[in-house]
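The structure appears below as structure tokens.
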Amino acid sequence: MTRAKLDLIRKMTPAILPSVLSCDFGDMKSELARLTSAGARALHVDVMDGHFVPNLTFGMPIVAGLRRHTELPLDVHLMISDPLRYAPAMVDAGADLLTFHVEAVEDATYTAKEFRKLGVGVGVALDPETPLSDLDGCLSFVDMVLVMSVKAGFGGQPFDSVSLDKLTLLRDNHPGLLLQIDGGINAETIGPARQAGCDLFVVGSALIGRDDYSAALGELDQAVRSADATPQARVK
């Protein structure tokens, strides 16, 4: 089932993934219904352990709760120190695409191979200061690279344009990989990210909490379409 959901994600690109971390957890069922009605086609779930990053969010029970209330693909971003320890339980809880941080593991290639055995889509993430060379060896075993445009786990940071250079290099050298960006994505930054080759855009406050989710999602979609229509667009 999880690999089938990965195929759905591939077919829907370019796509905007609302970050459920920005949702009202006191009314999550309603939030999921609003996002689905607005046209969301997949959801991004940030898992933080208070160790790899300073913030603490949620674990498998919340992922399982989300799964009970939506059929949308769940893209689970593990900002945790020991991703291999928790990966099987995350898949059991309902994750369809599971991303670990290259900074959190000693051997990214081994980690990616172990994730792949779980039958889940596999992603690897890297922070703005982490060089792309740290991904050498593991890219043949992942389905997606998540390029962070802010440092993982820290809120209120400005969009780091070094992420655009990374996206461009990844798209030029690995045309088959899904590319995702997370951090500071809004109607102004989503276009340049698309032109750099990005497929999936994680969006928080630019969508969640707005009065009209359909209008907010439409504004972001239009920015992506405009980027595709420009002559300098690099997307393939």
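Every residue number used here counts from 1 along the chain in the order it is shown.
Cβ coordinates come from backbone N, Cα and C, glycine included.
No curator has checked TrEMBL annotations; they are predicted automatically.
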Which of these, ASP182, ASP199, ASP211, does TrEMBL list as part of the divalent metal cation site with HIS44, ASP46, HIS77?
ASP182
Are any of ASP46, GLY153, SER205 (the recorded positions) within 10 Å of HIS77 (divalent metal cation binding site) when you go C-alpha to C-alpha, and if so which?
ASP46
Env. residues of divalent metal cation site, Cβ within 8 Å of mean position of HIS44, ASP46, HIS77, ASP182 Cβ:
LEU17, SER19, LEU21, VAL45, ASP75, MET79, THR99, LEU146, VAL202
What count of other C-beta atoms do you get within 10 angstroms of the C-beta of HIS44 (divalent metal cation binding site), across all chains shown?
27
For the binding-site residues listed here (SER19, SER205), tell me which residue's CB has the most neighbouring CB atoms inside 10 Å.
SER19
Between SER19 (substrate binding site) and ASP46 (active site, proton acceptor): CA-CA distance (Å):
7
